[in-house]
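If you check Swiss-Prot, you get these features:
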BINDING   Arg21, Gln22, Ala23, Gly24, Arg25, Asp71, Tyr147, Ser202, His315  substrate binding site
SITE      Asp71  site 'Transition state stabilizer'
Amino acid sequence: MIFIDACFRKETPYTPIWMMRQAGRYLSEYQESRKKAGSFLELCKNSDLATEVTLQPVEILGVDAAILFSDILVVPLEMGLNLEFIPKKGPHFLETITDLKSVESLKVGAYKQLNYVYDTISQTRQKLSKEKALIGFCGSPWTLATYMIEGEGSKSYAKSKKMLYSEPEILKALLEKLSLELIEYLSLQIQAGVNAVMIFDSWASALEKEAYLKFSWDYLKKISKELKKRYPHIPVILFPKGIGAYLDSIDGEFDVFGVDWGTPLTAAKKILGGKYVLQGNLEPTRLYDKNALEEGVETILKVMGNQGHIFNLGHGMLPDLPRENAKYLVQLVHAKTRR
């Protein structure tokens, strides 16, 4: 698999490409599958439809890897927090974590309840071309914790940060509990058939450096270290969004570092490129315009050259991006990097 070879810095015929949120609303086929499911959460839980959606971008765009269609919040959902997705607003937990008692009441072994995810993986792997990789994923302990404490997405993360500074032992207990669940969750994804795993730390930028390293990065390192010990042949990709200023403190046992669009690739390559393969980092809105897209691709490829790079966006696909430009991006990267 070209994608897996690239994760391990092996020679590849061209630079592989996939896109975060490549299965999404910009595809009419996705909209149809979502309609059949009835709701976003039901789409995640319906393995047949989730498989359909996982495969769509591979078939339509020609990307080099599929990423499992699911949501990072299925883990806290199965730990006992009721979850709903409110149209135009996003996820909302009906209960939140407020004290040590609420952390202790969270179910242990929630990963055992996620058979619909593992079924999607095994179905997808059976239908996916042998040349294409399947990526599994989860959210980081910190990012999941913020949703569980705030109850929804937040601009200030005030409740989470208040807990971090005034009652750190409660937050640590939650992060520890989540980390143990996520290690087993990703292990079962690997056993079900994924070829690589990725951890999304979407709200990494909410924390100052010292707090980030202690309350997020340390837990990411713990998870990736255990996974590399169990499955050395499976690449681990970490994507801490918005921490370009902290790159000099990044270390750990993982293979690929995801670079967001706000972090210059030149800096990421200089600081991390010798140790980790870099993934990223085209600004997604460049896909609105072909000229802007071409300029962005040119800049990235000039910096990264032929090895140690997986092409991706620096954030997820937007719902109204033209699909023909997404397809063009894949063709362009393949053509420009063919060796």
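Here the Cβ of each residue, glycine as well, is placed from N, Cα and C on the backbone.
Taking CA atoms as the reference points, Asp71 (site 'Transition state stabilizer') and Arg21 (substrate binding site) are 11 Å apart.
Annotation: His315 carries the greatest number of neighbouring Cβ atoms among the binding-site residues Arg21, His315 [cut-off 10 Å, Cβ to Cβ].
Residues Arg21, Gln22, Ala23, Gly24, Arg25, Asp71, Tyr147, Ser202, His315 are listed as the substrate binders, and the farthest two of them sit 23 Å apart at their Cα atoms.
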